[in-house]
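Note sheet for the following structure.
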Amino acid sequence: MHVKAETVLALLTPAPPSVVGQHVVDLSGDGWTLSSTALNRTVPGHLPSQVHLDLFEAGVIDIMASMILTFVGLRMPIGRIPATRLKAYFESTWLVFDGLDTFATITFCDQHVGSTDNQFRQHHFDVSQILKECKQDPVLRINFGSAPNIANTIAKSPDAEEWPPGVQITNEYPNRWYIRKEQSDFGWDWGPAFAPVGPWKPSYIVQNGHAELYVLNTDIDIYRQGQINYLPPDQSQPWIVNASIDFLGPVPCKPSMSIEIKDAATGSVLSSGLLQNVTVSGKSITGTTTIDGDAPKLWWPSGMGKQNLYNVTITVQNDMKKSLAKVTKRTGFRTIFLNQRNITDDQLAQGIAPGANWHFEINGYEFYTKGSNIIPPDAFWPRVTQARMARLFDAVTAGNQNMLRVWASGAYLHDFIYDLADEKGILLWSEFQFSDALYPVNDAFLENVAAEVVYNVRRVNHHPSLALWAGGNEIESLMLPMARRADPTGYSKYIGEYEKLYISLILPLVYENTRSITYSPSSTTEGYLYVNLSAPVPMAERYSNTTPGSYYGDTDYYNYDTSVSFDYNHYPVGRFANEFGFHSMPSLQTWQQAVDPEDLQFNSSVVVLRNHHYTAGGLFTDNFKNSSKGMGEMTMGVEAYYPIPSKSDSVANFSAWCHATQLFQADLYKSQIQFYRRGSGMPERQLGSLYWQLEDIWQAPTWAGIEYDGRWKVLHYVARDIYQPIIVSPFWNYTTGRLEVYVTSDLWEPAQGTVNLTWVDLSGKSIANNAGTPETVSFTVGALNTTNIYTTNISELSLPDLKDSILILSLSGEGRLPNASSKKAFVHQNHFTPVFPKDLSLKDPKLEVSYSPESRKFTVQATGGVSLYTWLDYPAGAVGYFEANAFVLLPGVPKEVSFVAQEGNVTDDWLQRVTVQSLWDQKVRD
């Protein structure tokens, strides 16, 4: 299918041929036309954009109608052209596209310019001669092909690689693994399958004079002298700044490079002068300089210190000292290292189990990684704005998170997103875009991937927030075992192909372009046996290790058997948890953005079909069978542990059920995060927790903690609480009755304090003799460690009624945050009930909420009993978060809570419509 779309460029501007310089035309804007022969429609277009967005704006389609839009990608190639003025006198003219999604054919002045087949690459085309020979007003055409159709065509070709049945994971559109496009565009279990096409990133026309260079890409690599990617850097060594520029234009004669490094906050100059060892390789110029190791202020992640940043300006000159190109990038000085080295004798002596490490170290310090996994924040990247991402990242830091895993296969993040992470101290574990599939290894595919890898590694390498490059998502831990089960005799072939792509190809490309970042071939891995960069396979992976008592690598864990959700004996014991979770419903307010009122029922067709867990496995618009399984899992989770909503009003009942699924999700994540954090002081020396997932791509049941419009689910509030630096946590074996209480700290030095243990009944009255439990326990917890402060058995306690009892755990301590000059106070509160919430003899807490304009805070109080899961909720019209939520509130102890408005208009009327509820309200029939 071909689409013809065109706009005429303005007449060339005459000028004397001696005029030199550079003329760059940004093609962004509204002066484009989108035409489709499939729909026989022509509508106004935009750049950057994608087909669905312009059709939606023109009123042709409704983006909310997901079952229809699934097929638009099959029928809607796109063409766009801007109108602008070009200069006739420049020596060279280039078309530069930062991102075309995905299969595009470009013509200029009716002449074929080139084609693209990779969404993740920057493309540039020399149109100098075409422009000179153009006899009429120049016309630019970009014709986009259907990615699903082209993927299917490739799959049917005689030389297409095939895999055993059942290995490749099809969510909706098949054959995604054959093409270099955002894999989740073909459907995933948390999002739609729109398969958009279009110019999703900015595009330019670049005109150069005789000697000028246009900077396509910049690689600034900052590392300690002698640093090697997979070994811990020596923090006593000076800094090396390696600057490399990729350019368009003639190779300069005897070029030189100069550098100026300024403090981004104060403007003071850290270093300036000529770079040394300047070399030219192809269309890249590279030079280095050395900076005293103590001169720069270090960049630290959130919660560990300041995010000190520097502006680095690189200038390229020719042998006549004429400036040919200049570029400025903001960066920071830090080392970040993924330690996968074998456990040492010293570590064994400390009680750490044998095996290998798997944790991150920042500037030479190991730290506890706290965070989540980020997916594409929208099905259409042109809608992702800086303001929207700033709001999301505010929620990340407010949630006490210091790292996000940038999941494959979405897309490589835009530079402005890394900029935000740099500012806010959010480490970004980044991945190449391969996920839950085996991929071809033919020469053409590998060549395409190589260009993609080099471009993106170089593009983002200057960001101090960059923490890791991983080869792909779950390839080693999921796909290789699936291949072995499906084809045991051919398993060596799939291992060989895996190593050819992720180790023999990608690893050397990463290490050739950065000395500062570690590379791991897969997101979930047991690490490596050894690294030999001169070997054909430079890293020997440790596959399927079963050594008893030894721990290797990181873990992911999903268990939808809700009967064992809170049995921590089922949680994986490892060095680092990089994925775990369970899905829940979004709030009523979010559903109302996407669903008609008559469909606001838990099992309505629209609601069920927006649940893509489990996916259709093909292009089916009536996936009730698989979707119902996921709905059933949420239902069973609620029914097993929480009061079952049964309200007379159908919308209120739907809202209560949505909230109930969020309670289950939040408690499950809390249980696991506490377990993993406690592992910091256990033999496994567990030093990381990244839950699945941070945010939503649309309004639907997913694993997200933040809904599509930015509203926090219960999960994000609970994760914020349990990610505090020092926490107190109960661990209950409900089979044996054993109860243990631990204090866990991620500070870098010991902390001290006390924990009050208070038993009350659900009316709020103290239980006699505190049920035989000590009222106060002192603690000292080591750096990055945990300590047991109390152990008992429920059968040994003097509890009159297990169903009418709750233990309140209140921690008060003192410690020093990393890089802080003085100690500070820490408080944390947790609770424990000896039966699950559904079996509690709940009392009506008689909650009241009021707002004070003077303090700008809400006051919540309970007058009738203990309020469990106290939940403040706000109406539509604004987006933000409460500073505390989903907490326990004792009668007679009012709590003040602020609301942080991120977007929208918080009026007096809006404030008065804030509501409060508790677990009691879940069971009350209105």
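Including glycine, each Cβ sits where the backbone N, Cα and C put it.
As annotated by Swiss-Prot, active site, proton donor applies to GLU474, with the evidence given as similarity to another entry. The C-beta environment of GLU474 (active site, proton donor), restricted to residues of the same chain at least 6 apart in sequence and closer than 8 Å, consists of SER435, ASP436, SER522, SER523, THR524, ASP556.
Look at Swiss-Prot and you will find ASN40 (among others) tagged as N-linked glycosylation site, backed by sequence analysis. Within 10 Å of the Cβ of ASN40 (N-linked glycosylation site) there are 7 other Cβ atoms, across all protein chains.
For the recorded site, ASN277 (N-linked glycosylation site), the DSSP three-state label reads strand. Other Cβ atoms within 10 Å of the Cβ of ASN277 (N-linked glycosylation site), summed over all protein chains shown, number 10. What Swiss-Prot records for ASN277 (among others) is N-linked glycosylation site.
In the three-state DSSP scheme, ASN311 (N-linked glycosylation site) falls into the strand class. The N-linked glycosylation site feature in Swiss-Prot is assigned to ASN311 (among others).
Cβ-based neighbour count (10 Å, all protein chains) for ASN342 (N-linked glycosylation site) stands at 13. Taken from Swiss-Prot, the feature N-linked glycosylation site applies to ASN342 (among others), supported by sequence analysis.
Annotated N-linked glycosylation site per Swiss-Prot: ASN532 (among others), in sequence order. Taking the Cβ of ASN532 (N-linked glycosylation site) as centre and 10 Å as the limit, one finds 10 other Cβ atoms among all the protein chains shown.
Cβ-based neighbour count (10 Å, all protein chains) for ASN603 (N-linked glycosylation site) stands at 13. The annotation N-linked glycosylation site is assigned in Swiss-Prot to ASN603 (among others) on the grounds of sequence analysis.
Sequence-distant neighbours of ASN626 (N-linked glycosylation site) (same chain, six or more apart, CB under 8 Å from its CB) are TYR614, THR615, ALA616, GLY617, listed in sequence order. DSSP assigns ASN626 (N-linked glycosylation site) to a helical segment in the three-state reduction. Feature annotation from Swiss-Prot assigns N-linked glycosylation site to ASN626 (among others).
Here Swiss-Prot flags ASN653 (among others) as N-linked glycosylation site. Counting every protein chain shown, the number of other Cβ atoms lying within 10 Å of the Cβ of ASN653 (N-linked glycosylation site) is 18. The DSSP secondary structure for ASN653 (N-linked glycosylation site) is helix.
Sequence annotations record features per position, and here Swiss-Prot assigns N-linked glycosylation site to ASN733 (among others). DSSP assigns ASN733 (N-linked glycosylation site) to coil in the three-state reduction, outside any helix or strand. Listed in sequence order, ASN569, LEU739 are the same-chain residues six or more apart from ASN733 (N-linked glycosylation site) with CB atoms under 8 A from its CB.
Taking the Cβ of ASN785 (N-linked glycosylation site) as centre and 10 Å as the limit, one finds 20 other Cβ atoms among all the protein chains shown. Swiss-Prot lists ASN785 (among others) with the feature N-linked glycosylation site, giving sequence analysis as the kind of evidence.
In the three-state DSSP assignment, the secondary structure recorded for ASN819 (N-linked glycosylation site) is coil. According to Swiss-Prot, the feature N-linked glycosylation site maps to ASN819 (among others), an assignment based on sequence analysis.
The N-linked glycosylation site feature in Swiss-Prot is assigned to ASN905 (among others). A coil conformation is recorded for ASN905 (N-linked glycosylation site) in the three-state DSSP classification, outside any helix or strand.
Annotation source Swiss-Prot lists signal peptide at 1-21.
Fewest Cβ neighbours within 10 Å among the glycosylation sites ASN311, ASN819, ASN905: that distinction goes to ASN905. A separation of roughly 46 Å, to the nearest angstrom, links the Cα atoms of ASN277 (N-linked glycosylation site) and ASN785 (N-linked glycosylation site). Separation of the C-alpha atoms of ASN653 (N-linked glycosylation site) and ASN311 (N-linked glycosylation site): 55 Å, rounded to the nearest whole number.
Rounded to a whole number, the distance between the Cα atoms of ASN603 (N-linked glycosylation site) and ASN905 (N-linked glycosylation site) is 34 Å.
Cα of ASN342 (N-linked glycosylation site) to Cα of ASN819 (N-linked glycosylation site): a span of 28 Å. The distance from the Cα of ASN785 (N-linked glycosylation site) to the Cα of ASN311 (N-linked glycosylation site) comes to 37 Å. When the C-alpha distances from ASN819 (N-linked glycosylation site) to the glycosylation sites ASN40, ASN311, ASN532, ASN603 are tabulated, the minimum falls on ASN311.
Each residue contributes its Cα atom, and for ASN311 (N-linked glycosylation site) and ASN40 (N-linked glycosylation site) these two points are 50 Å apart.
Between the alpha carbons (Cα) of ASN603 (N-linked glycosylation site) and ASN40 (N-linked glycosylation site) lies a span of roughly 38 Å.
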